[in-house]
Amino acid sequence: MESQQLSNYPHISHGSACASVTSKEVHTNQDPLDVSASKIQEYDKASTKANSQQTTTPASSAVPENPHHASPQPASVPPPQNGPYPQQCMMTQNQANPSGWSFYGHPSMIPYTPYQMSPMYFPPGPQSQFPQYPSSVGTPLSTPSPESGNTFTDSSSADSDMTSTKKYVRPPPMLTSPNDFPNWVKTYIKFLQNSNLGGIIPTVNGKPVRQITDDELTFLYNTFQIFAPSQFLPTWVKDILSVDYTDIMKILSKSIEKMQSDTQEANDIVTLANLQYNGSTPADAFETKVTNIIDRLNNNGIHINNKVACQLIMRGLSGEYKFLRYTRHRHLNMTVAELFLDIHAIYEEQQGSRNSKPNYRRNRSDEKNDSRSYTNTTKPKVIARNPQKTNNSKSKTARAHNVSTSINSPSTDNDSISKSTTEPIQLNNKHDLHLGQKLTESTVNHTNHSDDELPGHLLLDSGASRTLIRSAHHIHSASSNPDINVVDAQKRNIPINAIGDLQFHFQDNTKTSIKVLHTPNIAYDLLSLNELAAVDITACFTKNVLERSDGTVLAPIVKYGDFYWVSKKYLLPSNISVPTINNVHTSESTRKYPYPFIHRMLAHANAQTIRYSLKNNTITYFNESDVDWSSAIDYQCPDCLIGKSTKHRHIKGSRLKYQNSYEPFQYLHTDIFGPVHNLPNSAPSYFISFTDETTKFRWVYPLHDRREDSILDVFTTILAFIKNQFQASVLVIQMDRGSEYTNRTLHKFLEKNGITPCYTTTADSRAHGVAERLNRTLLDDCRTQLQCSGLPNHLWFSAIEFSTIVRNSLASPKSKKSARQHAGLAGLDISTLLPFGQPVIVNDHNPNSKIHPRGIPGYALHPSRNSYGYIIYLPSLKKTVDTTNYVILQGKDSRLDQFNYDALTFDEDLNRLTASYQSFIASNEIQQSNDLNIESDHDFQSDIELYPEQPRNVLSKAVSPTDSTPPSTHTEDSKRVSKTNIRAPREVDPNISESNILPSKKRSSTPQISDIESTDSGGMHRLDVPLLAPMSQSNTHESSYASKSKDFRHSDSYSENETNHTNVPISSTGGTNNKTVPQISDQETEKRIIHRSPSIDASPPENNSSHNIVPIKTPTTVSEQNTEESIIADLPLPDLPPESPTEFPDPFKELPPINSHQTNSSLGGIGDSNAYTTINSKKRSLEDNETEIKVSRDTWNTKNMRSLEPPRSKKRIHLIAAVKAVKSIKPIRTTLRYDEAITYNKDIKEKEKYIEAYHKEVNQLLKMNTWDTDKYYDRKEIDPKRVINSMFIFNKKRDGTHKARFVARGDIQHPDTYDTGMQSNTVHHYALMTSLSLALDNNYYITQLDISSAYLYADIKEELYIRPPPHLGMNDKLIRLKKSLYGLKQSGANWYETIKSYLIKQCGMEEVRGWSCVFKNSQVTICLFVDDMILFSKDLNANKKIITTLKKQYDTKIINLGESDNEIQYDILGLEIKYQRGKYMKLGMEKSLTEKLPKLNVPLNPKGKKLRAPGQPGHYIDQDELEIDEDEYKEKVHEMQKLIGLASYVGYKFRFDLLYYINTLAQHILFPSRQVLDMTYELIQFMWDTRDKQLIWHKNKPTKPDNKLVAISDASYGNQPYYKSQIGNIFLLNGKVIGGKSTKASLTCTSTTEAEIHAVSEAIPLLNNLSHLVQELNKKPIIKGLLTDSRSTISIIKSTNEEKFRNRFFGTKAMRLRDEVSGNNLYVYYIETKKNIADVMTKPLPIKTFKLLTNKWIH
């Protein structure tokens, strides 16, 4: 919008408080809040003074016209909304104040915002004019784009306008703490100076330069009150204001006095603490400088002893002098003079090698008397510039920040400009300190730097050979890792991140491009005149313009201060739209240490403390700049969150107010922590801590008890330590009133030593806050260290001691020093430190034999207090040792943690950090002959007797006694240890054994149990049923489970929605029993099974055994007989072979019962359950004999491997209560968080793909207008229950693509924010299977579609707010949601209603009644699952027409059009489908199972003997109570949820033969006994062995044009505990199995007929619903049939006898069945039990029967 003059509009009425402000349209890549520098009206002191002394009426207010000033519009015109921030109500610069109004009133009456207070923009008088100012405080300013219309008509006008530009006035920040007042005052003084009020600021002598006016005093008071709230003022400021609330000048005067009170001593201490020497200056100059500082400090009473001085000097040595830093390890009494002798020797050797001069050694007398001073040759120079020169020559242009570059390429440019610098410009204003600071760019989107002297401009530099810019926003065609070296005048390297093109669009509509380098490490953006000259552009300082050689004016030049600038508005921005991840490669020497690594190294201290420590050199070896702090703000350490979780913090200021000031080590605080229970006797149960009041130095001592003599020993030790080490005497010890402190023995001891005990008063916990906070901090650190490292709990005090060492070395933010510095000790050298629990290999110098390994695995604890070694815990020796003979265990294999801390061990960084110390140790350490046998004096764990660990990764194979094949030895596994096992061993309770963990094998005879109703396809139903006998012991391999889902709504593993439909029951699946019924051998069984696997290309053979189908009554008509034959004809029923009696050998008949040992093995047995052992079997040798290594379940989980664990409290789990409690399977997280996918992902390729997915998701969110970008809300203004947390999750889909999704935390969403009655509907699996079956029979085309970001198309009705994504950097703001974000409770329902409406209204579809998400019209059928659509049509063009309509509204992607006549492969909702139109369809999950099953942490047997059935009959789950540890119980329940969840998902999809076993185990999720776990492993093993099986469908070849829908029903009477019956049904459409159901009967049946009636009654409703669906999708006639193997049930259904039943419940069911059968034209027929394929749904079957019933439909 073009700016308009004030004269075009009438004056605004006097009654308006504020007026609308117009603004110019800005470029799309420019911040709409940015204002051109030319829009700021010039202001000076003269005009201020003049305006303050005159009065002008509003009508006579004259404002000079300026085309760059925005003029007001009438009040009726609404203010424009150009950005995400609302326009503030403010008055324009050309608007006069209403008459009779003065903004100088009481402060509470001020109607304007704080940033309108500066007299820089309006004169301080009643008739002042208010300027336009950015609406967001602190928003950087920039110039408008060339399209905004702000062009210059000629060079003279441009010169006049631009030269009048003044710098902006930014308001000071708000004061938020009394401690921040000194820093705030500096910014406030600078604000006054920038507002041309510097003359009123008091000088050093306390007097201002000029007298302050009343208006200025009012302005001073008002701004001080607004920006410095009274509650955050220091006490001394409040005291001044209490006397005179307007005396701001006195506050400023006193603040300036405090700022000027920095003494020479403080400067000398800072200089001494930051010494740096590398030999670039003479050694005697360095010595003179240091000795002068030390002498001055000593003369002023600050004593610097030789030890401290040497440590400070050596810490600053670098280069060839660096090795002297470690001489303190060899010479503890070295003096400063001796140290400088070594420095002089090295320096003179260097000079001698350069100049061939003899070495020179100085005498100490020379050192004392030498008072020469040397100039530091590396001191940066500030070049004086002459801005008055107006020569047009290029060589005399303004010079600024000259740099030189060298490119490592054939065309080398090594221009070196002398007398130039990249140091900050010499500022006219001494308070503009921030302008010279080194800048670091955290993002690449900044178009401006608010700290620039002239923001939004480039500094013209005649000396720079290259153009440098800090922001990548304007860089085109950027490429990272440029091979370019850039140096300044002092030959210091400037790191370059990228190189690209800088494109200009000048006002004559010409475009020009020059090369530019990107670096954030310069003070200003530099534009090289040399590079401009190369493209025929010169700078004319006469006219102050950039022009071409022909005189064409391109852009004006701004003269600001002593330099010349050009606006950035002529730069064309690049197409960067979102922040990018900085992957700029740096060399080894410049690569920074990751913050999480330093965080873990320093005992998990917070970032603020670590930064203070590095700034103040309390941590040595590297500086603050060596750490990458980019992730410090948002980084959340999981171990800290777990270990340091607390309710609230202690009250601050807890020390007594009447406490006097003491010298160091005269006033101590002490407290005792403990006891820690369940530890071995050798480990301490308590610790006592001491804290010095003055220095905050801490000590900790272990205690085994709280007896008087134990406490007295500690007091004696610490008092002697303080007296000898610090030459101090303790005067007061503060403690609580515990009996350990108030006893007579300790009281007499303190009295004897002249120490005053200071006890806390009653109910005065605040007085003991120092000791309480220390104990809490140390305990938090202890929990965090143990959690992170995985070390056993008996090492808890080692974690306490490690934390104490680190805490004493970290600087306090308040005192800026560490406790060690206060105590006069040197800082902690971090290169000598290892992370707590770091895996190491310790050298064993005295092994048991010469061939015994020399390395012992161990875990580093903390540095030794008595040597230069390290305390290391050796689990194999059950002790800790003090040694230096260790090597850090490297690689990904050595990770200790359970939170996927792949990036937190940082082997490479650790090597760099400890390299120098390791080399020093290697060259200087004294070999200790008995190193490993010397235990630490505080090695309180040394004598702990540990039980040996159970073997890990032991593979065994059970061999049948009749099997001639010897067992596998598996030597490969014995040589290879699982990588995940390299972890600190957990503790194992020596008192826990199988006898008190495993339940007994007795079964209750009179149980009582209630029922749980079942749902389709098994899973969650309680089944107190025996499980089948396991087949054979499988070889085991350890693995981890990390399933990858297909998407975030439906995955190929399982989801919460789908498990609600997958509750499939099972019958007796395994277990143990004292008696085992003999079975036929495997070989004989195989001979008796007739395999009839049908060919895929040919149609299945006709069933020729129809004579086995026995009708209930003879059909009276040929039609009924044909109907029966038609129903039976195409069913996949087994072909029964002719039977012959089986004779067993005589010895077998005499075989006594064999006691089973299956409950002690991993899979339930030591041999093949189908094999026989004869009495006459001969004994075998040890090699040939059957062996079994019993592997406990605990040894498979590497996280639970513990070397020692005290007795824990047991939890009793009752079977009935556990089974009752099972409601649903808890979904397992299959996605990655941001830190896992990107931040700490060491897989570079995968990380880049996730970054790309992240950017794609952010762009999609912005494109879909997901939230309101016009307004941002403060968190305090919004009801917390309407605020939804959000996060990014990442996932790798099955097709290999990487996915990122921004989701809401709906799991913690408040119920008031959504309608609980709304449902998120998805297509039922039976509907999908029915559609697929009809597609095969009718030669349909199948098209698969995907709608990207489907939920974002649905509007949200509720008022909800989310926190902005992290890249926006607005942590304290909220944005309002406009779309249904993924994860919200109502998002699924909103999307369903949206897409349903579109399909019906725009696509002409209608939803099938009773089957949600199934839509149809005359040609097309659609199955909808969230954003996946499956289209079925006989005409492919009909599908394409639907796709075209969908693309008009939604981003629709065609996954598979399905137009080929050959075999087409689909991945539909987790099913891997192979479909050849008109021939066959195969449904399986081989690829998915091959990927997921090995990750379940279950031992699989990929090459050994395969299981032939998921279980065997004859064994039962024990009913006894399960006594188990609490933690172990939770862990096993979690594992059961994971295993059964995946198995339920697979069984629900297509493995209907497993539903019985899945249902049974699912009911025992909360009863994870050893037996239940073994049976679950056996089921997973069978799924692995049969992962290649598929559900095979062939195209139906009917004799009649009818659809045949059949349900086969079966029930097992009383085969469940407590006389419950198992029922099962299988549903077939045109001979193809489309679904199955297995569950336990809800009522207790009293006969087999009642059980069968119950099963039939469960099948008929679903059969009728499927019939309706088939008729809607296919208009052919349908024949419905029901098959059961119960003649009595069929008789009752078909009978017309209405006599009373003996049981009213089943009588009601029977009568209902009669009505349903007769009313729905349902045919009921008998099927022989041997051919009833539903038998697999109700009971465990022998291998032969199981194969016979399933190999016709799944193989």
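Going from the start of the chain as shown, residues are counted 1 onward.
Every residue gets a Cβ built from N, Cα and C, even glycine.
For the Mg(2+) 3 site that Swiss-Prot gives as ASP1610, GLU1652, the extra residue drawn from ASP1574, ASP1585, ASP1588, ASP1685 is ASP1685. Swiss-Prot names ASP1427, ASP1428 for binding Mg(2+) 2. Of ASP1337, ASP1346, ASP1518, the residue it gives for the same site is ASP1346.
If you compare SER356, SER393, SER416, SER1181 in Swiss-Prot, the phosphoserine annotation sits on SER416. Annotated range for region 'Disordered' in Swiss-Prot, selecting from 652-671, 1092-1111, 1292-1311: 1092-1111.
Per Swiss-Prot, the listed range annotated as region 'Integrase-type zinc finger-like' is 583-640 (candidates: 235-292, 583-640, 757-814). Cβ neighbour counts within 10 Å, taken over all protein chains shown, single out ASP1610 as the most crowded of the binding-site residues ASP671, ASP736, ASP1610, GLU1652, ASP1685. Put simply, ASP671 (Mg(2+) 1 binding site) is 73 Å from GLU1652 (Mg(2+) 3 binding site) when counted between their Cα atoms. Same-chain neighbours of the Mg(2+) 3 site beyond ASP1610, GLU1652, ASP1685, judged by a C-beta within 8 angstroms of the site's C-beta center, are, in sequence order, SER1609, ALA1611, ALA1655, THR1684, SER1686, THR1689, THR1729, ASN1732, ALA1734, ASP1735, THR1738. Cα separation, ASP1685 (Mg(2+) 3 binding site) to ASP736 (Mg(2+) 1 binding site), rounded: 81 Å.
Note: the domain 'Reverse transcriptase Ty1/copia-type' (1338-1476) comprises 34 helix, 49 strand, 56 coil (DSSP; helix = H, G, I, strand = E, B). Helix, strand and coil counts from DSSP across the region 'Integrase-type zinc finger-like' (583-640) read 22 helix, 6 strand, 30 coil. DSSP gives GLU1652 (Mg(2+) 3 binding site) a helix state. In the three-state DSSP reading, ASP736 (Mg(2+) 1 binding site) counts as coil. ASP736 (Mg(2+) 1 binding site) and ASP1610 (Mg(2+) 3 binding site) have their C-alpha atoms 74 Å apart, to the nearest angstrom.
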